[in-house]
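**Q** Below are the features I grabbed from TrEMBL:
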DOMAIN    1-384  domain 'Major facilitator superfamily (MFS) profile'
TRANSMEM  12-32  transmembrane segment
TRANSMEM  38-58  transmembrane segment
TRANSMEM  70-88  transmembrane segment
TRANSMEM  94-114  transmembrane segment
TRANSMEM  171-195  transmembrane segment
TRANSMEM  215-233  transmembrane segment
TRANSMEM  240-259  transmembrane segment
TRANSMEM  293-317  transmembrane segment
TRANSMEM  329-350  transmembrane segment
TRANSMEM  356-380  transmembrane segment
């Protein structure tokens, strides 16, 4: 939250390469459990820094017509990276997998040296000349970048320095609340506990797949859906994808609710239900029940729906609608709320399943999906093809994206 505004978006991302690289080195050479914990802690710090900085940086340097597609790129690359590591994990030891993890961080650090900082951040810092050069580099010398530059300057000059009292005005509290609630609802759909406990969920519902197939299947589905979302983001719009995503997740969780309620899915310790791979393979070959395709397909539909809407779009909208004066701190707050919710929900999920079985949490997730659809209809603005200044004007006036030049 603090580095975004203190040293800028670009430098915040570059600084994250330090704990990331050190963390992977520690894990790669780990001789004890505490070294693995330390390495994960450092890479977690790096992940938090990039999660709060990359969406903001991309939204501030992108042209409105391609901001949706570019805003989906972090999700695409994250999913592609996970899928690549799944594949590498089948052929190389985990120590070398940690070494491989250093390569993207170092490559990012090198390539960012050739990228300009956010023009909006530079204008806030009073570096108009550098901001002018940055915007010219991003848009091209033959484009009408001066019109955009003047609008950015006008928008920033009209805001002034943010004070605590300003947070009581709709211009600030509405977009901040929308962003925080969206990140909260994103996690309340159950995506994190479903992904974390996918293998024991499959076992409880009699879906027998080897763990390596679980990971590969999830990775492939997520990659496909995020690519579809990126291609449609600037054509269909954000809200249309959010509606579609929410509806698909609702159907999937409702199906899982009915399946787990009508089919014996015993309660008990969730993490103790995982069987050895050879036992799973033997049981799968011995008796395949076609009805077990229902939870398998439902889970894949849920992951597909999430990854094409509520997954990438909440990150994109956060960076689009947050006011520039509070964007750095507020984006960090949103990410914090998201991961805190994921942490708490993952632990609560275990206890609920152990006490009541899978029926109750999936019923709750289906209700949350309905809430998400209603929230999208009532509170979320359509930002497709709108500049960040037009979006700020929408919250300033409460009714119009159009900026009237004075």
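Glycine residues also receive a Cβ, built from the backbone N, Cα and C atoms like all the rest.
Quantities reported herein were computed from a predicted structural model and do not represent experimental measurements.
How about a rundown of where these features are and what they're close to?
**A** Sequence-distant contacts of the transmembrane segment (94-114) (same chain, six or more residues past either end, CB-CB distance under 8 Å): 10, 13-14, 16-17, 20-21, 24-25, 27-30, 39, 43, 46, 81, 85, 88.
Same-chain residues lying 6+ beyond the ends of the transmembrane segment (171-195) with a Cβ under 8 Å from its Cβ atoms: 162, 201, 218, 249, 253, 299, 302-303, 306, 310-311, 314, 317-318, 321-323, 325-326, 330-331, 333-335, 337-338, 341-342, 345-346, 349-350, 361-362, 364-365, 368-369, 371-372, 375, 379-380, 392, 395-396.
Within the same chain, residues 68-69, 71-73, 75-76, 79-80, 82-83, 86-87, 195, 198, 209, 240-241, 300, 303-309, 311-313, 316, 384 sit at least 6 positions outside the transmembrane segment (215-233) and bring their C-beta atoms closer than 8 Å to a C-beta of that stretch.
Within the chain, the transmembrane segment (240-259) has long-range Cβ neighbours (under 8 A, six or more residues past its boundaries) at 189-190, 205, 229, 232-233, 265, 294-295, 298-299, 301-302, 304-306, 308-311, 313, 358-359, 362-363, 365-366, 369-370, 372-373, 376-377, 380.
Below 8 angstroms of C-beta separation, residues 55, 59, 67-68, 71-72, 74-75, 79, 178-179, 182-183, 185-186, 189, 191, 194-195, 198, 201-202, 205-207, 209, 217-218, 221-222, 224-226, 228-230, 233, 238, 241-249, 251-253, 255-256, 259-260, 372, 380, 383 of the same chain, each at least six residues beyond the ends of the transmembrane segment (293-317), sit close to that stretch.
Sequence-distant contacts of the transmembrane segment (356-380) (same chain, at least 6 residues past either end, Cβ-Cβ under 8 Å): 178, 181-182, 185, 188-190, 193, 201, 204-205, 238-239, 242-243, 246-247, 249-250, 253-254, 256-257, 260-261, 265-267, 310, 317, 349.
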**Q** For the transmembrane segment (38-58), give me same-chain residues lying six or more residues beyond its boundaries with a C-beta closer than 8 angstroms to one of its C-beta atoms, as numbers and ranges.
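**A** Residues 1, 3-4, 9-10, 12-13, 15-20, 22-28, 30, 67, 70-71, 73-74, 98, 101, 105, 118, 315-316, 318-319, 322, 327-328, 331-332, 334-335, 339 contact the transmembrane segment (38-58) from elsewhere in the chain.
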